[in-house]
C-alpha cells in the first residue's frame, strides 16, 4: 500500500532531520553545497543548496505534517480509484516544498515556488467538475501575481551579478535595489500566504479533497511565503525597525 509506505518513509526522514537540525543549532553548523549539474565548455549550470538548522527544522515539520496527512488519506480516500495518483501529487508537492526550503538562490526558489503552484492547481481540480475547475483557475491566477513579483526580484538581482541572495542580505536596508527586491519578495509572500488583498483564492481552494486542504492550504503551502520572509528577515529589521 503506497499510503503506508509513504507515511513511514516521510515520518522516518522527518525525525532524522529534526535530530540533525538540533545538532546544527547547538554547534552553529551551516552547509552551503554547490552541485555542478552541467558543464559545457565555458558555460556551467550550478545548483546551490543551503543546509542550516532553520531549513532542516522547517523540512522536518513539513515532512511530519505530510506523513500524518498521507496516513489519514489511507482511510479517507480508500474508495477512490485514483488514490495512487493522489499520493503521487502529494509527494510531488512535498518535493517542491523541499526545493524551496533548501534554496539560497532565487532561480531555484522559483522552481520550487512554481512547482507548489502547479501541484496545488492539480490537487484543487482533483474532483473533475465545473466548481473544482473554477476554484483551480482562481488559485492558479492569484498565485501568478506572486510568480511575477518573484521574476521581477530575479531581474533586479542582476544588479549584483548573482542570484544567491544570501550573500547580499547585509546590504538589504542600505541599498535601494535591495529594498525593491525585498518589497517584491514581500508581495510574492503575501500572495502565497493568502494575505489581504490576495486572500480570495484560499476559500476557493477548499474544493480540493479534505487531506489536501489540511496539508496544502492550511499548513505548508501558505507557510512558503512566511519562510521566504524569514530568510529575508534582515530586510524587516533594517528597513522598518531601523527607521
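Just so you know, glycine gets a Cβ as well, placed from its N, Cα and C.
All TrEMBL annotations are machine predictions without curation.
What TrEMBL says about this one:
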type	residues	note
TRANSMEM	7-33	transmembrane segment
DOMAIN	38-86	domain 'NADH-Ubiquinone oxidoreductase (complex I) chain 5 N-terminal'
TRANSMEM	53-74	transmembrane segment
TRANSMEM	86-103	transmembrane segment
DOMAIN	103-240	domain 'NADH:quinone oxidoreductase/Mrp antiporter transmembrane'
TRANSMEM	109-127	transmembrane segment
TRANSMEM	148-168	transmembrane segment
TRANSMEM	180-202	transmembrane segment
TRANSMEM	214-234	transmembrane segment
On average, residues of the domain 'NADH-Ubiquinone oxidoreductase (complex I) chain 5 N-terminal' (38-86) score a pLDDT of 86
For the transmembrane segment (53-74), the distant same-chain contacts (Cβ-Cβ under 8 Å, at least six residues beyond its ends) come to 1, 3-4, 6-11, 13-15, 17-18, 20-22, 24-25, 29, 83, 86-87, 90, 93-94, 97-98, 101-102, 209, 211, 214-215, 219-220, 227, 230
Across the domain 'NADH:quinone oxidoreductase/Mrp antiporter transmembrane' (103-240), DSSP yields 109 helix, 2 strand, 27 coil
